[in-house]
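In what follows, a structure is listed as structure tokens, so that the remarks can point back to it.
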Amino acid sequence: MKYMTSNQIRNTWLQFFKSKGHHVEESASLIPVNDPTLLWINAGVAALKKYFDGTITPQNPRICNVQKAIRTNDIENVGFTARHHTFFEMMGNFSIGDYFRNEVIEYAYELLFSEEYFGFDQEKIYITYHPSDKATYQKWIEVGIEPSHLIANENNFWEIGEGPCGPDTEMFYDRGEIYDPQHLGLKLIQEDIENDRYIEIWNIVFSQFNAKKGLTRDQYEELPHKNIDTGAGLERFACILQQTKTNYETDLFLPIINKCEQLGKEKYDSICHSSFKIIADHLRTCTFALADGASFSNEGRGYVLRRLLRRAVRHGNKIGIEGPFLAQLVDTVIEIMQDFYPYLLQKKDYIKDLITKEEIKFNQTLKDGEKKLEELYVKKKAISGEDAFILYDTYGFPFELTQEYASEKGLQIDYEEFKKAMEKQKEMARDHRNVQSSMNVQNASYLSFKENSEFIGYRYFNTRAKVIAIFNENPLQVVFDKTPFYAEMGGEIADSGKVENDTFLGKVVQVLKMPNGQHLHQIEGLKGELNKDDIVFLSVDEKKRMAIEKNHSATHLMHQALKDVLGSHVNQQGSFVSDENLRFDFNHFKNITADELLQIETIVNQKIQDQIPVQVYHLSLTQAKKEGITALFNEKYGEEVRVVDMHYSKELCGGCHVKNTGDIQHFSIVSLESKGSGIYRIEAVTGKQIIEKIKKMQAPLVQEYEMGVEKISTLIQENDLKNFNLSKVEEVPSYQLILNYKKAVLENKEILKNIDKKLKDLQHQQIVKSLFQEENEVILVKNKKLLLKTINLDDMQLLKVVADTLFERYPETLIFVMSCLEDKTFFVAKAPQKYVQDGVHCGKLVQAVATLCDGKGGGRPDMAQAGGKKLENIPLVLEKIEECLQ
């Protein structure tokens, strides 16, 4: 076995499989595109799901890769074991309906043991297989593995939910008895005991069955296309080939750890210094995730990154590092990884900026956490395990820190309660992960259909065509020998239109792309029947297609404008293009202002006015990358790619576009929405009648404005009010129209507030006037003057005004005002100072009266208010006042 650097390991893997006819697939982004089931790409196969479930047939059925992956379900183990990581690289080789068991085992044997490649000592490798999988056992013996190194294990069956599944075989490297202090030997593998002696280095899954709910494994049907899915951890290979104690002493981690030693006050010890490992691991994850478009936030993947960064900062403090330091380590991470991931260099400054800002922010959060801890103690004189978990989860406070604080106060924290809350969160993460990972069930008839069908829709809207296959009668699913109908893909909706001949008429309502590239038309029959070999006339709805083209081309222009205005880090995270509007999801790390949106809109409209010819041509993928043409990170491209070139914007795209940017006519952003985790969504419209389209898409906002106008107009008219002008909206075909409506809505709310104040002032004046138009009877109760006034107002503030007004007129009198409505009563009392000194207490007075009406209240000795619900005891109010004044 020879020493190999991590770069040599990656290259050896890829070159070996390339020599076996495999296509080398670039690593997909860590952020899944158009796959809502995954938070992160978490395995080598995750980015290839569409191949495995038969949705798409790859150009080359043999694929190999080194895939970046993130798994965060066991964050607490990272740093305390030799091999747990949140970010890791999975080397894989895959066969989509091509080679199977025999070939993959032969490849594995050659790659592992040949001196030309990894050159492992055969005596050091042990292999597990499923007891029912006799073929795998026989094949391993056939290639040269001793039976004593083959171990049957019931766990060797890969299955997650419905869809492709099958037995697997795993390879383990024996690091020797020095890593087996209890001398358990092969029992460690047989009983699946966590250990440092036998390291699993490679897993090969024979994906040959379709798992179905309600069936036992022996009832599963075989897949029409059997697949091979393998995964080998780069970090584990490096640990073995570089002969280190743990993964953390390999060339993937050690330079980061060495840099931490320089910045801190501690020296690294692989046995006990988990803090160094945690910092190195978590920073790698943050660096790659941010480079791929993630950002720090309070939910989803952004929350995961925030937790990782905070954990790294805390452990930096533990080893004596002071002040923000992680950005310095980003340089080291990129130095290690840039040869294989050159794009990291371009993103370096952006990554460091985000990490520095987040680290500074966390230092403030720590202070907030300490304050929260103090509040909990003051309020409850106790800190529960649940409290400790909330502090950990929300503020990034480690349990040890909370425990330390508690012990200073002489308190104990229920650690079991804390662990229970932690386990509950982990369980939720596990459940979520299990739902995410299953694949769709393969459709055998679609997979086996290989007859040619030509798409001519880039050039023609209609054609004569022959029916070459009918897959379903209800709904009718048809394939033609050629078609102008674009199939739904890349976020662009499918064309619709007509299918007809002398005996049949139907509407095309959906078009989907089949695994082998043909377009499958879903047709709603209106007249007659359609049969195989029929000749029909196909015609696309041209008006709809042209509207789709406008929106798709505008999306490309907007994508580039977003990069120009917000920064080159912006990348597409999802897209939807229809004939009515376009929707575009992208990453950005801070709030987007209205001015920035208007700037983006202006740029796009300028490019439309420039009437740039749109060119479409084909290049090799290598040449396209060399020219820096925009490509989606997770999109699968063949060796030749289609380029849509608008001079200002150049993208790889298979969609439908205008011939000239001038054909778009006009572009307007309609809305901006944060989707969380640093992902934003813009909706926009193009073409003519922009104002009407904006108002339609923003109907609730327009309705709110119109209702405000109507309410204001009615109030002005009914009350003969002067000097109130309605807020007007200037209608412009731009996002400015939305801003105008929002401004007008706020102005209308302010106008309504002023009208309300004006009407209350008028009401107040009328009430004051009426108070003294009628005689107010002052009576003597227990040698005290009392004015008891009933005036029915549904407003406590106005009632207090009445009490104040009467008190001004009768300053030597106890004022008691009440309002008796259908279902409630209000009371206000005011007393002169001499009565207060004599023992009168308005708060107790209104409280006593309120009890008559099933109510409550209170206040100061000189002024108080109360309310109640029952009215039947109102006649007893005077009697109760007399009682209280004794």
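Every residue, even glycine, has its Cβ placed from backbone N, Cα and C.
Remember, predicted model here, so these are calculated numbers, not experimental data.
Taken straight from TrEMBL:
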BINDING   His552, His556, Cys653, His657  Zn(2+) binding site
DOMAIN    4-696  domain 'Alanyl-transfer RNA synthetases family profile'
Additional residues around Zn(2+), ordered along the sequence, whose Cβ is within 8 Å of the centroid of His552, His556, Cys653, His657: Glu549, Ser553, Thr555, Val644, Glu651, Gly655, Cys656
Mean of the pLDDT scores, which run from 0 to 100, over the domain 'Alanyl-transfer RNA synthetases family profile' (4-696): 90
Neighbourhood of His657 (Zn(2+) binding site), C-beta criterion under 8 angstroms, separation at least six: Glu549, His552, Ser553, His556, Val614, Val616, Val644
Cβ neighbours of His552 (Zn(2+) binding site) where a neighbour is any other Cβ within 10 Å: 25
For Cys653 (Zn(2+) binding site), the number of other Cβ atoms found within 10 Å of its own Cβ: 23
